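Participant: For reference, the structure I am asking about is given below.
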């Protein structure tokens, strides 16, 4: 009776199946409703709330549009077209191979033996295949052929794509938020498929849009940062009721079957990619029978292929014991069992949560680039969370962050302020600490300054905020609403879901935070202060569907303040102590008014000027309308206050240490731009003013073609008493920085000339100036001058705007405090490069071509008291023969023959470190992996990305990327303390997108090295006094492949590169024995162990395959494998025997080129069949395709001849020719010693101009002429020439060491207006005339006085004579002549003044005549 009842029930059930399918199609409200409602104990298909699908599977099968893998291709796999590119593990794939063996593959899988082996540790690639694959359950399986009538089995697949990919509006015919899934796709013909996709497994209708939306909701629930991902396509593959490869009917009947699913999602740009794995049930552990798991063990993994790396789905001990545990556990326990999520686009990162306790498990943190100001939140995927416990995020060397459990897979942690720039290792653990075993979860967060934060608040054009008047009364404000959640709802996440739109409904306040560095009397120090001064506006965070990925755009009313947090007195006084500030958008708090200085987590903007707030509280500007007069009044008020603040800054800065002595002495600017380009270790392109980097938003130096700044804090040394001239003291960092700007001629621009050149504000002449606060900050990034970006704005940038932009006629005051460098103390670096196929120009100017595979010590500098230890290693590999046709694989060619090496080696990787720094690897990516990134930058075993931040700072290392060309092909690495820098260019930084014959770049690295002069390396290569100088100044021995002969002079520094320098045995073995790391060459090349290199302490560690102790915890990260192995790995067949490497010398190269050219151009060769056959074989193996073109295109360029011949690529040959010519020319200019007189200090620049205004006026031989405008006259010495001045001692003997370069002496030029000059001229004329008159009068007076004096003297003498005569008359009875007579011919003239005596009267006129006649006739008179 019981059996008959069972049969009746089964028959009824079978009859209800079609009806149930119709119900399922008509009402799909129950589809996926088990999410978050997992039935207890439900482990198998058909026993949950859905009759057909498991509790965790998406709908599959023919009724939803799936196609089934062809039974004849189940084992080998059926290849399908994806119709767009999907990224996976660094590669891009538009196809996939689906196999019954539980994988989605992208290459042929070697399936011999019981176990499918993949990955670096299990395969012998390239001798055997190592395919890339997504393997939910990799082991040998089968589709049972003899199933009972009630059971189905197969591998199903479909491709879901958005309608918008085909020009249709997404969601135009669907109701989001409701379950409208309809299974009406079955039987669709190819003609009705998506446009351009003839396969019927492709869906691009409303059902596909709905499915992709559902997958996004799943990802948001389980993956940190998935809210930023928008799925546009998905590949769904379902393995339904597969059985073990070795299984019988009894095994199948007993339920030893497996059902699982893989969903691979990507966006339309193929940038992001996620995989969701669903395990419904797993009935076997291996491809064995009778539940035996000793053979053909099943694996769940992601393999990058070609030894790129392997990531297991579950790296726990439970999985090793039994892989079936995947169906019982989950990476998202809050959703359903058996579900795991991964991000797989570039490197596979596990998402969701894990139950791993010991060892190391990488956390997924979003965002992992965080503003150092803190007060932000990050989402963390780590351990599977329990809401009853408290979890913390421990930050290396900093305080912990409190975390809130959002779901069982995601925790949200509130970060404090972390004043640091660089990577901090973080650990995620329960609060109970040592009471638990969860110590495995390790991650990293990169803290950045606010000026470089890629997630900063978008406030429009930042430079509009620094204009007076502001160009607009409102400014834009843009943010993504999904970055904010309701702070009240986050405390009750057990009641809401992550994809609930109400979670993102909140009120946001826009706050102004002012910054200054002030004296804190409590700690007796100056420290930074961040003060919330007001709230400008309040906005509602939009949470509707369209704002999931669409940004919210609002406007900021600049002259309206919603709430002040300063009283009236503070607004009138303290507000002007804050030179600048920034905006922060954060959710409102209920008690915001009681504690306004504490804000919730939010987004901050770039620094802005606060001058728009100066008039917001002023009553004279409190008008309801805005007019032109109001704008002018505001502008004048800002000018007035800026003038006061400029003077305050001038006085404040003048009271501080004169840092110019440090910047000019220890970081003097390069004299010409080519020196700045070559000096990689000390100077770098300015992040906002560089033509080469295509960023010229430099408002403080408009007019300069390129600006460069010191790539580290200015290093200085002890300068006190007791220092000897030959002492080489240790250097220590300051908090200063140097900025050098160059004009279009490559000459330095000078601040002293700015007032005489910049006639109007629009004249493009704004030189660079040194900075008291280095823009990139100073470790430990905590105190005054040390906050990156903010300290620079407070001490340097904002004073420039106050004095030079806002106030009038105060720019010279600023430049008095910030004078530019005159390059008088600059010494050029030693500069070398390796390019192409091993063409070297060393740092001491030796030139040669060296080829030999292996890892070499490129540069080694031992540690001294004054310099750190520096280690640079390069990896050279044999370049593959690109004439190999990959399409022959599997027919005429084996896997090991795909990579056939040539006899030319290229650099494929470089690694460097110094004392106390992180270890940095820059390696080229493998073939077929260079689509998005052409190189990999690995710091401390962690792969770093430079998509949003092209300047990144690590421990003692600065790395920046020129992202003009796609794929980060140009990387700069600077060791800060050592001041040694390298430049890495992949494939000459060619724009591969424009080359139709190349699908990806070539994988060749060019390495340029710059060594500063403190190491004693002469750039000209003269080593005559090398030993003497090294001993006298205690200099280290600099050696390596970039300086292979430090103790001997090769003489090649005086010559150019010739064919005799190509793999010459005179230096080959010396380089190999001295600098190659043991064990890194080809097999058999290290038979004779040579310790010659160890005599000088050369490193023996291979830094590509080893890790430092502090980095070993990250060795489990998949990128650790990317740096270890070669990128052009060959099979052992090509490393021994006739295929092993042998160097080609210049003579052999020349002979083969001549032979091949003769074979190409000699028509008689083809006339003899036997000779034609022999020459054909020779030409195929030894000749390039067009040898005559090589000789013609290359000419006498040896690097071009060598690379063109070996690579058989004209593009590479011509590029190395151009690179070599450019390098030699630039090196000659960069290594010269330029003599500088500095600049002429102009103190009174009114109406003065320089002729020619932009010409160089600081180098030896330069002439500077100054003139006045036509309204003024010039005075002083107005022509100067820079020349050498030799000092002579007292014996007039010239000392050749005692000289200097100076301008000629003279009074400074100055101008006087013509009106004033005319006035003074007329005044001088009038004064002259008046002076002449006065002079004449004075002369007359002098003469009159003299005359009167003489008259007086005459009168006295006459009175004496009269007295004498009177006495003589009285004694003798009279004179010779009577008194009334005179001497003959000397008639005495009548003088009234003479005869004033009352007793004497002159005689009558007649008596006088009578007397005269008497005298004439009576005396003997002689005339």
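Cβ atoms are placed via backbone N, Cα and C, with glycine included.
Model, not experiment: these values are computed from the prediction.
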Participant: For the annotation transmembrane segment in Swiss-Prot, which listed range does it cover: 1301-1321, 1322-1342, 1343-1363?
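Facilitator: In Swiss-Prot, residues 1322-1342 carry the label transmembrane segment.
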Participant: Using all protein chains in view, find how many other C-beta atoms are within 10 Å of the C-beta of residue 903 (N-linked glycosylation site).
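Facilitator: I get 18 for this one.
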Participant: Find, among the glycosylation sites listed as 94, 306, 355, 666, the one whose Cβ has the highest number of other Cβ atoms within 10 Å in the structure shown.
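Facilitator: Sorting the candidates by Cβ neighbours within 10 Å, the top entry is 306.
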Participant: Have a look at the glycosylation sites 355, 483, 666, 903 and say which one has the shortest Cα distance to residue 306 (N-linked glycosylation site).
Facilitator: 903
Participant: Identify, in sequence order, the residues in the chain of residue 483 (N-linked glycosylation site) that are 6 or more apart from it along the sequence and have a CB within less than 8 Å of its CB; answer 'none' if there are none.
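Facilitator: Those within reach of residue 483 (N-linked glycosylation site), by Cβ under 8 Å and sequence separation of 6 or more, are 455, 603.
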Participant: Could you tell me the C-alpha distance between residue 94 (N-linked glycosylation site) and residue 903 (N-linked glycosylation site) in angstrom, no decimals?
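Facilitator: It is 34 Å, counting Cα to Cα.
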Participant: About how far apart, in whole Å, are the alpha carbons (Cα) of residue 355 (N-linked glycosylation site) and residue 903 (N-linked glycosylation site)?
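Facilitator: Here the two Cα atoms are 50 Å apart.
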Participant: In whole Å, how far is residue 903 (N-linked glycosylation site) from residue 666 (N-linked glycosylation site) when you measure between their Cα atoms?
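Facilitator: Spelling it out, the Cα of residue 666 (N-linked glycosylation site) and the Cα of residue 903 (N-linked glycosylation site) are 46 Å apart.
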Participant: Please compute the mean pLDDT of the model over the domain 'AMOP' (638-818).
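Facilitator: On average, pLDDT over the domain 'AMOP' (638-818) sits at 86.
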Participant: Three-state secondary structure of residue 666 (N-linked glycosylation site) from DSSP?
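Facilitator: The residue in question, residue 666 (N-linked glycosylation site), is helix (DSSP, three-state).
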